[in-house]
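Enquirer: Please find one structure pasted underneath; my questions will follow.
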């Protein structure tokens with residue numbers, strides 16, 4: 001009787017071990033996160049490099065220099081990876097921005113929300129050229145209104161009105177997000193919404209092709 005119970009116990013243990021091993025060996029690996037390729041633009045001093053480095057590394061350094069050409073940063077999010085092509089914003093580089101638009105799935109624009117009125121007019125002119133460019137029409141767009149830690153900054157509502165964004169962004173998913181280097185969470189939240197725009201736009205494009 002005792003030997004039968006031992007045999008039953010051993011058999012049960014073998015079944016449990018077999019099922020555990022099968023579960024470990026045959027478990028389906030997690031699906032890879034989608035990757036999106038986007039371009040990041042803005043005038044010099046707007047904070048592009050600072051914000052992107054903060055997202056990528058979790059910290060910034062005081063000796064960072066403005067981007068003179070372009071950099072590519074892979075920023076990890078739980079739901080996706082953003083491959084961001086950051087292009088320098090110096091006046092002599094801006095005429096060549098459109099060379100970096102190829103294979104872009106979305107546009108990030110960073111501006112100093114406390115800039116002068118003259119600089120604001122320049123931003124408006126730049127955005128008009130960017131968002132009307134044939135390669136970028138209809139692509140998701142996010143405006144990061146940086147330097148919110150300064151005094152006399154403009155709100156999202158004010159920038160939307162002053163830059164005529166409702167008119168410029170017609171036909172695309174877009175948003176304006178205030179942020180600063182002191183608030184990494186706000187920047188991350190803005191780009192998480194941007195990822196949602198990218199996902200939905202891609203899904204709609206696939207449905208239209210069917």
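Placement of Cβ uses the backbone N, Cα and C atoms for every residue, glycine included.
Sharing the record's features from TrEMBL:
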- 1-23: signal peptide (SIGNAL)
- 42, 43, 44, 45, 46, 47, 48, 49, 89: GTP binding site (BINDING)
- 49, 67: Mg(2+) binding site (BINDING)
Enquirer: Can you count the other CB atoms that lie within 10 A of the CB of residue 49 (Mg(2+) binding site)?
Expert: 22
Enquirer: Determine the Cβ neighbour count for residue 89 (GTP binding site): the number of other Cβ atoms within 10 Å of its Cβ.
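Expert: That number is 23.
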